[in-house]
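Asks: Here's a structure for you.
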Amino acid sequence: MNCHNSYLKWTFFLIFLTTCRFSIAKQTNLASDIPKLDQFLNAIYEWRANQQQKQADTGLKLLEAPTVVAGVLCFLAASISSAGGVGGGGLYVPILTIIAGVDLKTASSFSAFMVTGGSIANVVCNMFIKNGGKILIDFDIALLSQPCMLLGVSIGVICNRVLPEWLITIQFAVFLGFCTFKTCKSGFCFWKLESEVEVMRRNGNQELENGLLKNESFGGAEPLLEKEEKGLGSSSIPWMKMGVLVMFWFSFFFLYLLRGNRYGQGIIPMEVCGVGYWIISSVQFPLAIIFTSWILYNRETQHNIPSKKQEGSSETKHGPSGKLIFPLMALLAGVLGGVFGIGGGMLISPLLIQVGITPEVTAATCSFMVFFSSSMSAVQYLLLGMEQVDNALIFALVCCVASIVGLVVVQRAIEHHGRASLIVFSVGIVMALSTVLMTSFGAVDIWRDYTSGNYMGFKLPC
């Protein structure tokens, strides 16, 4: 009995020693992992800083290996982004900064030109190369959304200056991660519905031909590529609506030039963030409200409901209150786009898909809206003394060609396979890549600020 008790004591003692040793080893490994992580992040930061210093000393040389690799990656990013109608700025900025070694300010200006180049290709294809005799762009949605989107961008830019970088990075990761999940979920729902449609077509189901098939799991949405669907768009360009959009573009553009930027660069001398600066900035609020109210009034009087003939339009789903959903979505997308430093197309595209706008109309309309916002940014950079304009134009041309290639490939894939959900998946891919790249990019800077003891709190807007 004593031997047995002694054996048990020694057994528990050995187990205790083993547990203690494992705990000490685990703490030692954890402690040793922290310096390794610090060294890894510092190595990435120093490599990127060296690349930026080299680029600042010698300039961006187009035939150097990093620039060529960045150009190829931007070509691929533009071809994927064009299919979903999003600008792709969330991919261009990390590629140019990490691979080509361009500083963040230059990368942002390059990105504006590249997004403009890609959107020009999208708009030309969508307006002059018609799908089944119809223009897929919904000009009513663009009219309702554009004023509030540009107002939201201005608000978001101010928030970007005030909020600390770590908070912006967390918000970016959470929001874009959520939107990526919802977009991919919608894509799978569309894919499932299209598969059911294909099966019923093979079985010669007459109910499908009459457009009566409903998908209970997707809120009663009809097939995306119905052969007899009524009106994916207008058959001619509505020049009156185009004129209103151009007039609004010039109104906001004049305010931006009059106000200048945060460094006091404008068409008239003005104190940076002085009284005049904020008065001109505040004019954007009544301007956006007046334009949006005027458009809503015209819609009400002329019974011109956006997407009224489109399947799954927000007006049918939300009734009279649906007329405000597009300005509110555009305002939200603009604010978040200004905070995160990316175009609003990547943010409003999943929102339009969620309210039931068909993927093809969503892609065409978003690319049309992105053209107005990105071209305004590009022209502002140009007039305010942007450097390396020739290189920016070359990258813009690359993105323009890539967008045409992406549109042709995706359109043929849709016609061959009968799946418009490919557009939804392309949007999801761009959003997922942007989330990973920009979150990682921001995390390195945050870690560097933390280890260096830099200030990481809220800042003044000026």
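Cβ coordinates come from backbone N, Cα and C, glycine included.
Okay, these came from TrEMBL:
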- 1-25: signal peptide (SIGNAL)
- 68-95: transmembrane segment (TRANSMEM)
- 107-129: transmembrane segment (TRANSMEM)
- 141-159: transmembrane segment (TRANSMEM)
- 239-258: transmembrane segment (TRANSMEM)
- 270-297: transmembrane segment (TRANSMEM)
- 324-349: transmembrane segment (TRANSMEM)
- 361-386: transmembrane segment (TRANSMEM)
- 392-410: transmembrane segment (TRANSMEM)
- 422-444: transmembrane segment (TRANSMEM)
Asks: Counting only CB pairs under 8 A, let me know which of 270-297, 324-349, 361-386 has the most with the transmembrane segment (68-95).
Replies: 324-349
Asks: So are the transmembrane segment (361-386) and the transmembrane segment (270-297) touching or not, going by 3+ C-beta pairs under 8 A with a sequence gap of 6 or more?
Replies: no
Asks: Ranking 141-159, 392-410, 422-444 by Cβ pairs under 8 Å to the transmembrane segment (107-129), which is first?
Replies: 392-410
Asks: What residues in the same chain, six or more past the boundaries of the transmembrane segment (239-258), come closer than 8 Å to it by Cβ-Cβ distance?
Replies: 139-140, 142-143, 146-147, 150, 266-268, 280-281, 283-284, 287, 291, 295, 372, 375-376, 379-380, 383
Asks: If we skip the immediate neighbours and take only residues 6+ beyond the ends of the transmembrane segment (270-297), which ones have a Cβ under 8 Å from one of its Cβ atoms?
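Replies: Non-local partners: 143-144, 147-148, 150-151, 154, 244, 248, 251-252, 255, 258-260, 262-264, 323-324, 327, 461-462.
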